[in-house]
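This report refers to the structure that appears directly beneath it.
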Amino acid sequence: MAQNFSTVGDGKQMLLERDSSKRVLTGCFLSLLIFTTLLGNTLVCVAVTKFRHLRSKVTNFFVISLAISDLLVAILVMPWKAATEIMGFWPFGEFCNIWVAFDIMCSTASILNLCVISVDRYWAISSPFRYERKMTPKVACLMISVAWTLSVLISFIPVQLNWHKAQTASYVELNGTYAGDLPPDNCDSSLNRTYAISSSLISFYIPVAIMIVTYTRIYRIAQKQIRRISALERAAESAQNRHSSMGNSLSMESECSFKMSFKRETKVLKTLSVIMGVFVCCWLPFFILNCMVPFCEADDTTDFPCISSTTFDVFVWFGWANSSLNPIIYAFNADFRKAFSILLGCHRLCPGNSAIEIVSINNTGAPLSNPSCQYQPKSHIPKEGNHSSSYVIPHSILCQEEELQKKDGFGGEMEVGLVNNAMEKVSPAISGNFDSDAAVTLETINPITQNGQHKSMSC
């Protein structure tokens with residue numbers, strides 16, 4: 001008998017040690033997730049606050065709003081749930097309802113800001129001239145205000161009035177505990193059917209439908225522009241070859257042009273796929289479960305609910321993890337990368353960022369291709385004679401307001417346009433990105449007129 005008690009005691013000790021190790025690992029992982037979310041979104045906020053050329057771009061208003069919502073997720077939502085996961089109970093008492101409201105508000109604000117960004121990018125690409133006239137800071141602030149107001153309305157009002165709680169068998173009941181018998185250290189976040197469906201529609205399903213439509217149309221516009229540019233490239237190469245009596249290479253260059261066009265389209269598709277794929281993979285499982293849980297009914301033949309609490313919690317964290325990835329996807333273009341490197345002091349360690357950089361200008365005034373250069377001036381730099389010359393450009397100019405003319409994007413720079421030279425050429429911004437493995441971004445695709453010329457944008 002004593003041996004049996006000893007065996008039972010050893011078994012309990014092993015279970016306690018295993019549970020303790022599991023909690024330590026969970027705590028380390030969740031702490032790392034919270035830290036990366038805080039770091040990434042704080043860097044975005046500080047960069048926009050510190051550098052005026054980032055504040056001056058209206059499209060960055062939406063990025064900073066997204067960063068603020070994700071920062072609030074990391075401050076007001078994630079730490080409290082992480083403490084509960086580690087301790088095994090809710091230690092914050094009456095703060096439960098406020099925390100639930102913060103959870104719904106911050107997560108909804110993050111998703112709605114992603115939706116607003118997709119609409120902004122689509123408007124900028126589909127109607128660039130109207131966008132330049134209409135998209136003022138006031139309009140941007142109005143769009144952001146609508147997103148935040150909607151987030152507050154579907155969170156604090158229903159939660160504080162207890163409209164969100166299930167009146168029948170709740171998720172907690174399905175796990176073997178009835179709402180009336182809940183201990184004070186348990187935070188019941190179960191939702192009733194009406195609120196679960198309506199809030200999921202506003203917070204996720206409608207925004208994700210809008211994002212799918214806008215990004216699909218963005219891809220089609222980009223595809224059309226890329227094919228037009230490819231046709232202009234082939235026409236220019238054909239004219240040059242006829243002029244130089246090198247017609248034998250036409251077929252080879254035509255095949256190369258088709259391959260380049262396909263490569264460009266593939267990179268655009270990859271960029272948009274990453275944007276939508278990360279968002280859907282993080283949030284879709286949670287919102288499917290969020291709509292299923294209120295319809296789960298207790299089964300008399302088994303003690304298990306249709307969805308376990310562990311499964312539900314895992315996908316809750318999947319959704320919050322999206323807040324740590326958003327800064328990488330939406331604020332990792334060239335402008336933000338330079339700002340981040342300055343804030344973190346990395347620009348002093350990077351060998352490519354010298355104090356003075358030499359940029360060669362050919363006899364047409366356009367910059368010569370040089371992959372080692374971190375800064376390439378626009379083609380408006382004045383010509384000096386008929387020979388190529390070198391301009392000495394201080395590296396500090398990269399951080400000044402003259403850089404406002406550089407294009408913004410999702411994860412790199414892509415500017416689809418033409419440079420008027422001796423003949424029509426693809427701009428270095430395209431060839432520099434598409435020929436390398438750098439990420440492709442879509443912010444502005446300049447429209448092509450009927451005669452094949454790109455219109456210039458006026459501020």
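Cβ coordinates are placed from backbone N, Cα and C, and glycine is handled just like the others.
Bear in mind that the values here come from a model prediction, so they are computed numbers and not experimental data.
Within the set Cys96, Cys106, Cys115, Cys281, Swiss-Prot assigns Cys96 as the partner of Cys187, by disulphide bond.
Topologically, per Swiss-Prot, Ala222 is found on the other side of the membrane from Cys306. With DSSP classes pooled into helix, strand and coil, the tally for the topological domain 'Cytoplasmic' (50-60) is 7 helix, 0 strand, 4 coil. Applying an 8 A CB threshold to same-chain residues 6+ apart, the list for Cys187 (disulfide bond) reads Thr84, Trp90, Phe92, Cys96, Trp99, Val100. For Cys96 (disulfide bond), other Cβ atoms within 10 Å of its Cβ number 19. In terms of DSSP secondary structure, the topological domain 'Cytoplasmic' (120-138) contains 16 helix, 0 strand, 3 coil. Within its own chain, the transmembrane segment (97-119) has Cβ neighbours under 8 Å at 62-63, 65-66, 69-70, 72-73, 76-77, 80, 143-144, 147-148, 150-152, 154-156, 159-160, 164, 187, 189, 199, 202-204, 207-208, 210-211, 214-215, 279, 283, 319-320, 322-323, 326, 330, counting only residues six or more beyond its boundaries. Secondary structure counts, DSSP: the topological domain 'Extracellular' (88-96) has 4 helix, 0 strand, 5 coil.
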